[in-house]
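Colleague: Below are the features listed in TrEMBL for this protein:
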type: BINDING; residues: PRO98, TYR99, VAL114, LYS116, MET123, SER124, THR165; note: FAD binding site
type: DOMAIN; residues: 44-148; note: domain 'FAD-binding FR-type'
type: TRANSMEM; residues: 12-32; note: transmembrane segment
Amino acid sequence: MDLEFLQSVDVQILVGAAVAVLAIVVGAAYLFSSRKPKGCLDPENFKDFKLVKRQQLSHNVAKFAFELPTPTSVLGLPIGQHISCRGKDSQGEEVVKPYTPTTLDSDVGRFELVIKMYPQGRMSHHFREMRVGDYLAVKGPKGRFRYQPGQVRAFGMIAGGSGITPMFQVARAILENPKDTTNVNLIYANVTYEDILLKEELDSLVANYPGRFNVYYVLNQPPEVWDGGVGFVSKEMIQTRCPAPAPDIKILRCGPPPMNKAMAGHLDAIGYSPEMQFQF
């Protein structure tokens, strides 16, 4: 057989093999890069995360930043769900309480909790005593809320006090997703101006997403100069600020139990069906 022909065949085989190997490598790289990173949470077992920064926001509110295993790690918490945090109260007894991080999985390498610490709160005591370098035991994800972009045309949100954290998380996820066109209207109630959590971040979202995100602040004890709502959240406030009842909207609520009960009554009276409502 002609030697030149054999050499030509060998070259063709080598080139074909190289192309096949390259295709496999490129395909594997694409799959690896497009695959969602595995989250750090365990739904069955508590895992410890190190506190790397603590920022006091007011006399009884602080932001806690916890480090994930690597700078590119993600917590792996679905939108609108929460984590269980374990600590010890002032008597040294174990306590577990749910909290919603204000960060998303786009915030790699860390997660943050904004905590309001109440004088008699059992888990509040644990956070009050935490110092940089301490570890927090966390388990999750937890929660019934499920969200896909475009699931509804608009969300109405009614939050009270620290009930703002799941609302903020959901709003951020919607607004920062360029493929999501959902509108969000938030009513946020507190006792005093100083009690408003995440105000700077909320106002920033309003400025960055005009027409898509609106916030109406309601205070029970407003300052002398105040252009928001006064008193408790009323049926009229909801009718004015939230999307009207329709199959393609949903009203979310999260606050103290008495507020949740009152809001459920208002929503039912306005005509929002159970399918249009969700309570965190």
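Just so it is clear, glycine is given a Cβ too, placed from its N, Cα and C backbone atoms.
Automatic, uncurated: that is what TrEMBL annotation is.
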Colleague: With FAD as the bound species and PRO98, TYR99, VAL114, LYS116, MET123, SER124, THR165 as its recorded binding residues, calculate the greatest Cα-Cα distance and give it in Å as a whole number.
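Modeller: 17 Å is the greatest Cα spacing among the residues binding FAD.
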Colleague: Around the C-beta of TYR99 (FAD binding site), how many further C-beta atoms are within 10 angstroms, looking at every protein chain?
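Modeller: By my count, 21.
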Colleague: Compile a sequence-ordered list of residues in the same chain as MET123 (FAD binding site), six or more apart from it, whose Cβ lies below 8 A from its Cβ; state 'none' when nothing qualifies.
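Modeller: Counting only residues 6 or more apart in sequence, the Cβ neighbours of MET123 (FAD binding site) under 8 Å are CYS85, GLY87, ASP89, VAL95, VAL96, LYS97.
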Colleague: For the domain 'FAD-binding FR-type' (44-148), how many residues does DSSP put in helix, in strand and in coil?
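Modeller: Breakdown, helix to coil: 8 helix, 46 strand, 51 coil.
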Colleague: If you count other Cβ atoms within 10 Å of each one's Cβ, which of the binding-site residues SER124, THR165 has the most?
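Modeller: Answer returned by the neighbour count: THR165.
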Colleague: Since the record lists VAL114, LYS116 as binding-site residues, which of them has the fewest other Cβ atoms within 10 Å of its Cβ?
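Modeller: Per-residue Cβ counts within 10 Å for the binding-site residues VAL114, LYS116 bottom out at LYS116.
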Colleague: CB neighbours of PRO98 (FAD binding site) within 10 A?
Modeller: 15
Colleague: Average the per-residue pLDDT over the domain 'FAD-binding FR-type' (44-148) and send me the rounded value.
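Modeller: Mean model confidence (pLDDT) across the domain 'FAD-binding FR-type' (44-148) is 96.
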Colleague: Beyond PRO98, TYR99, VAL114, LYS116, MET123, SER124, THR165, what residues of that chain have CB atoms within 8 A of the centre of the FAD site's CB atoms?
Modeller: CYS85, LYS97, THR100, LEU113, ILE115, PHE127, SER162
